[in-house]
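Listed in Swiss-Prot:
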| type | residues | note |
| --- | --- | --- |
| DISULFID | Cys97-Cys174 | disulfide bond |
| CARBOHYD | Asn2 | N-linked glycosylation site |
| TOPO_DOM | 1-27 | topological domain 'Extracellular' |
| TOPO_DOM | 49-59 | topological domain 'Cytoplasmic' |
| TOPO_DOM | 81-98 | topological domain 'Extracellular' |
| TOPO_DOM | 121-140 | topological domain 'Cytoplasmic' |
| TOPO_DOM | 162-186 | topological domain 'Extracellular' |
| TOPO_DOM | 208-236 | topological domain 'Cytoplasmic' |
| TOPO_DOM | 281-371 | topological domain 'Cytoplasmic' |
| TRANSMEM | 28-48 | transmembrane segment |
| TRANSMEM | 60-80 | transmembrane segment |
| TRANSMEM | 99-120 | transmembrane segment |
| TRANSMEM | 141-161 | transmembrane segment |
| TRANSMEM | 187-207 | transmembrane segment |
| TRANSMEM | 237-257 | transmembrane segment |
| TRANSMEM | 260-280 | transmembrane segment |
Amino acid sequence: MNGSDSQGAEDSSQEGGGGWQPEAVLVPLFFALIFLVGAVGNALVLAVLLRGGQAVSTTNLFILNLGVADLCFILCCVPFQATIYTLDDWVFGSLLCKAVHFLIFLTMHASSFTLAAVSLDRYLAIRYPLHSRELRTPRNALAAIGLIWGLALLFSGPYLSYYSQSQLANLTVCHPAWSAPRRRAMDLCTFVFSYLLPVLVLSLTYARTLHYLWRTVDPVAAGSGSQRAKRKVTRMIVIVAVLFCLCWMPHHALILCVWFGRFPLTRATYALRILSHLVSYANSCVNPIVYALVSKHFRKGFRKICAGLLRRAPRRASGRVCILAPGNHSGGMLEPESTDLTQVSEAAGPLVPAPALPNCTTLSRTLDPAC
């Protein structure tokens, strides 16, 4: 949890006196829903990608890494954040006080950097489908993932000393141990490197991708099928970009207001803090939902896993049926190498199918200094 948010929560709880606080019940329920949907959904994403060694393309490796970061974020952040609204004391000890916040920021940065890498991968795949093949290899993707986690460790390392357990009045709390100027500088760095810069990269790459898709005209396959494919890719890009920006913008705007503006500690601002937490945390659980809605290959993978689980169930549970769509169900990847979106090759030669913008890419999350 961010230092300013921590103080705000303490002050707000003191305002409530000893009366019943609705957030003590409602907020943990929302967190429980986010936890269940996020844990199950992201675990399912990993299962679909790992089933039969399907994560072999660069995009699938990035999506796999994003799922790992999202799942770790859900497991390491949500349960502890929920206890803030139900327990007066920090009951998990000094070691977890430091470790939990370190893991939170580690997964935040890993998620945001992965999203930026996915956007670059998609831009190269769409804009330079032939020339980027030598660059977009699984080996290079694994190297990029290693770099992502290395940078995440670098930027999250200071949080091992940022928080500490201490006594406040008669309460045991886990709160920032740094001075206000150091916290302000650290929170500003977190905003810049884990939100602002990734958003700029996402905006630039997706804008250029959209521009290329919108302006490129296929003289042969310019019929309704090509237009439908173009609209589908455009819609997917807009969805993932808007989700990321909308889910995290309120939280970071609030943090900036706390440090650089006027943000009085009232019940209304406390409610805004809670809302910003819920919206930002929800981004990690809606990603698998977006995958399922947009990617038919993910849906096929989900059905295949569902069918496999039901086959292992006792026969007396035969009333629970997992219906498979007709056709070939062998596809388990979130992104196949083939696509119905046809592009003009870079050399004004014959038309070649271009790697598709992934039907499974979405923008997570990434970062929450208020955790």
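Keep in mind that glycine also has a Cβ here, set from the backbone N, Cα and C atoms.
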- Query: Are there 3 or more C-beta pairs under 8 Å linking the transmembrane segment (141-161) with the transmembrane segment (60-80), counting only pairs at least 6 apart in sequence?
  - Reply: yes
- Message: Please report, as numbers and ranges, the same-chain residues at least 6 past the borders of the topological domain 'Extracellular' (81-98) whose CB is under 8 Å from any CB of it.
- Response: 1, 9, 13, 21, 23-24, 27-28, 31-32, 35, 159-161, 163-165, 171-174, 274, 277, 281, 371
- Query: Apart from its near flanks, which chain residues at least 6 from the ends of the transmembrane segment (141-161) lie with a Cβ under 8 angstroms of it?
  - Reply: 58, 61-62, 65, 98, 101-102, 104-110, 113-114, 117, 121, 177-178, 186, 189-190, 193-194
- Message: For the topological domain 'Cytoplasmic' (121-140), what's the mean pLDDT in this predicted model?
- Response: 88
